[in-house]
Amino acid sequence: MSEQANPFESLQEQIDDAAEYLDASPDVLERLKHPQRILETNLSVEMDDGSIETFKAFRSQFNGDRGPYKGGIRYHPNVSRDEVKALSGWMVYKTAVVDIPYGGGKGGIIIDPDEYSEAELERVTRSFAKELRPFIGVDQDIPAPDVNTGQREMNWIKDTYEKLENTTEPGVITGKALESGGSEGRVEATGRSTMLTAREAFDYLGKEMDGATVAVQGYGNAGWISAKLLEDLGANIVAVSDSSGAIHNPDGLHARDVKDHKNETGSVVGYAGAETELSNEELLTLDVDLLVPAALENAIDGDLARDVQADVIVEAANGPLTPDADDVLTERDVYVFPDILANAGGVTVSYFEWVQNRQRFYWSEERVNEELEDIIVSAFDDLTSAYEENDLPNFRTAAYVVSLQRVIDAYSESGNWP
Ligand SMILES: NC(=O)C1=CN([C@@H]2O[C@H](COP(=O)(O)OP(=O)(O)OC[C@H]3O[C@@H](n4cnc5c(N)ncnc54)[C@H](OP(=O)(O)O)[C@@H]3O)[C@@H](O)[C@H]2O)C=CC1
Ligand SMILES: O=C(O)CCC(=O)C(=O)O
């Protein structure tokens, strides 16, 4: 395995690759490769035993030309300043590719949540919310869930913010529980856009989804919902993994049963319907019709890309392929449908949640799913049109050509007051 790519440098390379096909000034492009502002803070929090522990936390506000900064908050021991910068940049181009009125931001805390009690995690989260308060707001920056955060953390942040501001402002954060002003369909939204992107991709490429073999890396929110919804389309989920390992059955696993097993035991490993266990690399290089990386960045680098046997990759995770992997896969005619389209369902339904919060008027799940489908299908069509019209090397470059142009247009129209 070669040295891990720096995700922030990967983002900048992706922008440069697309810029070759755009008539944009180098000065403007340079501006679009760096965050506008980063909060770095140290949270000193009392532990259950009375000791004080300090956690480093970040919020990067990358670009707000198209609307308020928007993006999740990650809890993970490998969170770093550069990772948060990259994730916030990917949000800018994600919100632009689906054409919703947001910029991009992202946050993270360097913490392994498995090591802490719920009460400790609540104090850490409320402490972060207190630090975030001057920087976030319904029209400024709207956080949401990411890896190892969900409705519980979003509810704590909303509650802290509202108490400090002496107001009710549910739209300050999305991904909340329904009872706290969340939206129907938000929990499933990331996996749903991954499924919709895969469906459109197979249709575009003339491939049959019914009976297609699928491997999914990561069985959290994005991975398991993708697996379930792809199975509902008739696909055959033959391998899945989590941080403990991977399982395989060439005749198919049952996505919902695997989830039940993980809920009971903590891992997909040990599921009775699996024929064999695999390593992470074996899962990523299985001979399948569709591979869905749904864990973390840098899952596939240039070396591993040479061994990938999937025909199509649809990225549920952010940044799972390094730029070297992209080059190898493009040369090998493996079709990659990029993260900034495929996982955009999460932020799109966050947008619907924010709209509902502002109107104090709530939609049915059916309406949410229909509006999401319209947006993803339309974004897919924009991307394939750009791919064909500009004779682009791959669909990632197409996604950046479309989204960079939208951000540049918004900046140009604003008059550029410094
Ligand atoms: N949640 C959302 O709305 C959105 C998420 N995303 C992206 O999707 C990806 C996954 O996020 P999400 O599903 O929310 O996070 P979760 O925390 O719900 O799940 C992450 C999953 O990845 C697994 N994992 C971690 N490391 C590895 C590894 N080395 N090999 C295999 N599996 C691994 C975890 O294993 P274990 O269960 O053992 O911990 C877990 O199953 C991230 O890139 C995130 O940024 C993108 C858009 C929106
Ligand atoms: O729902 C959101 O606002 C953002 C989700 C997110 O962090 C992502 O798309 O990577």
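Glycine residues also receive a Cβ, built from the backbone N, Cα and C atoms like all the rest.
Small disclaimer: the values here were computed from a predicted structure and weren't measured.
Per TrEMBL, the substrate site holds LYS94, SER350; the candidate it also names there, chosen from LYS70, LYS85, LYS106, is LYS70. Residues from the recorded positions list (LYS94, ASP146, THR190, ASN221, SER350) with a C-beta closer than 6 Å to any atom of ligand 1: ASP146, THR190, ASN221. Shown in sequence order, PRO145, GLY150, VAL187, THR190, GLY191 are the residues of the chain, 6+ apart in sequence, with a C-beta less than 8 angstroms from the C-beta of ASN221 (NAD(+) binding site). Mapped onto three states, the DSSP output places ASN221 (NAD(+) binding site) in helix. Around ASP146 (site 'Important for catalysis'), the same-chain residues six or more apart in sequence whose CB sits under 8 Å from its CB are GLY71, GLY72, ILE73, ARG74, LEU87, LYS106, GLY108, listed in sequence order.
The substrate site, placed at the center of the C-beta atoms of LYS70, LYS94, SER350, has further neighbours from the same chain whose C-beta lies within 8 angstroms: GLY71, MET91, THR95, ILE100, TYR102, GLY104, ALA144, ALA344, GLY346, VAL347, THR348, TYR351.
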